[in-house]
Amino acid sequence: MTDEAAADFETVHGARPSGVWAAPGRVNLIGEHTDYNDGFVLPIALPHTTRITARRRADGRLRLFSAQGDGTITDLALDRLKPGVVTSWAAYPAGVFWALAEAGHAIGGADLFVDSDVPTGAGLSSSAALECATAAALNDLYGLGLSAPELAVLAQRAENAFVGVPCGVMDQMASACCTDGTALFLDTRTLEQRHVPLDLAAAGLRLLVIDTRVKHDLGDGAYAALRAGCERAAELLGLPALRDLSAADLPAALDRLPSELRPLVRHVVTEDARVTATVEHLDAGRIAELGPILTAGHASLRDDFGVSCAETDLAVEAAVAAGALGARMTGGGFGGSVIALVAAARVAEVSEAVRAAFRSAGFAEPVTFTAVPSVGARRTA
Ligand code: GAF
């Protein structure tokens, strides 16, 4: 571990740490709002990570400090944790302690020092990064021997039941399981996963991420309402989940649904098909042909699912008009980030075109960076 990480930890917690763990944020290439419908997703991990320096405590207390916080330590008793008692950023790591204990794993207290460069509220899964880094640290500190998918499911449980956000499992699986240079093709029903090689550089391409800086919040009720709408539609169709509706059966199924649920169902079914089509393209080495699938995915999220906003729409339009092969919002929506597939030589031009379009529209300056598929949660020291 770096001397600096150890020194920072010691300044706050008064003792030497045992190690450092890191977990990344993610962007999803395609497969949005499919995970809670038991469908398919295709995220990559970002190089941006949340890092946790930690040590065990023998007294059952959790002492949580964030370098991005207000300078105070959140001090909690493990045996007093229950949903609703922690409302700050500390609910994410505390929720992981709670979920592990609730599942019967033998854990005790810990001191944590959290430091992160995953942008928050940008649709890049800073919450999952924090949860998965905590889970990886506790797994090692207490010798639990849990696998990466097991840790991801516990992290999702923490977010659902402790923090109170009814998210699917994509973000935690991406943060826990991704590998360098690949996208994670995940069946969210079975958790079967395949790491699909994604060599953007060899194809002369870049994945441009455009953070619109419109803060998104999954806890505000809109996400839960969409999820409930999808579940209601599956129930009306007599299906376990919308994943069980095929594209061939879609037209007849839509006729049987109330009009307000039809667009939701159309998005989910066509989005699952876009994920499998994307994987087929990647397997065949046709990365440069993915653009229209990405842009069609955005249109579906905008027109059918209704989770886009003026800034994400403008970022997609401006990027494509400036020569991006395709673009779409990524993550839950209601703001957040857009990804664009761009020829390496045109990245600066496309980024500047998006910035200029935002200036003309009077929107805040977006933040742009290129992303390479990176590795999931791990111990780094
Ligand atoms: C958010 C959720 F956390 C994910 O589970 C997923 O539903 C995504 O929105 C939309 O695809 O990131």
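Glycine too: its Cβ is placed from the backbone N, Cα and C atoms.
Annotated in TrEMBL:
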ACT_SITE  Asp171  active site, proton acceptor
BINDING   Glu32, His33, Thr34, Asp35, Tyr223  substrate binding site
BINDING   Ser66, Gly121, Ala122, Gly123, Leu124, Ser125, Ser126, Ser127  ATP binding site
BINDING   Ser127, Glu159  Mg(2+) binding site
DOMAIN    8-56  domain 'Galactokinase N-terminal'
DOMAIN    92-177  domain 'GHMP kinase N-terminal'
DOMAIN    282-359  domain 'GHMP kinase C-terminal'
SITE      Arg26  site 'Transition state stabilizer'
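Residue pair Gly121 (ATP binding site) / Arg26 (site 'Transition state stabilizer') shows a Cα separation of 13 Å.
Listed in sequence order, the residues of the same chain lying 6 or more apart from Ser66 (ATP binding site) and placing their CB within less than 8 Å of its CB are Trp89, Ala90, Val114, Asp115, Ser116. For the binding-site residues Ala122, Leu124, the greatest number of Cβ atoms within 10 Å around a candidate Cβ is found at Leu124. For ligand 1, the nearby recorded positions are Glu32, His33, Asp35, Asp171; that is, of Glu32, His33, Asp35, Glu159, Asp171, these have a C-beta under 6 Å from one of its atoms. Rounded to a whole number, the distance between the Cα atoms of Tyr223 (substrate binding site) and Glu159 (Mg(2+) binding site) is 14 Å.
Most Cβ neighbours within 10 Å among the recorded positions Arg26, His33: this distinction goes to Arg26. Here Glu32 (substrate binding site) is positioned 17 angstrom away from Ser127 (ATP binding site), judged by their C-alpha atoms.
Across the residues the record lists as binding ATP (Ser66, Gly121, Ala122, Gly123, Leu124, Ser125, Ser126, Ser127), the two Cα atoms farthest apart are 20 Å from each other. Applying DSSP to the domain 'GHMP kinase N-terminal' (92-177) sorts its residues as follows: 51 helix, 8 strand, 27 coil. Take the CB of Glu159 (Mg(2+) binding site) and look out to 10 A: across all protein chains shown you find 27 other CB atoms.
Distance between Cα atoms for Leu124 (ATP binding site) and Tyr223 (substrate binding site): 16 Å, as a whole number. When the Cα atoms are compared, Ser126 (ATP binding site) and Tyr223 (substrate binding site) turn out to be 17 Å apart. Counted within 10 Å of its Cβ, the other Cβ atoms near Ser125 (ATP binding site) come to 32, all protein chains included.
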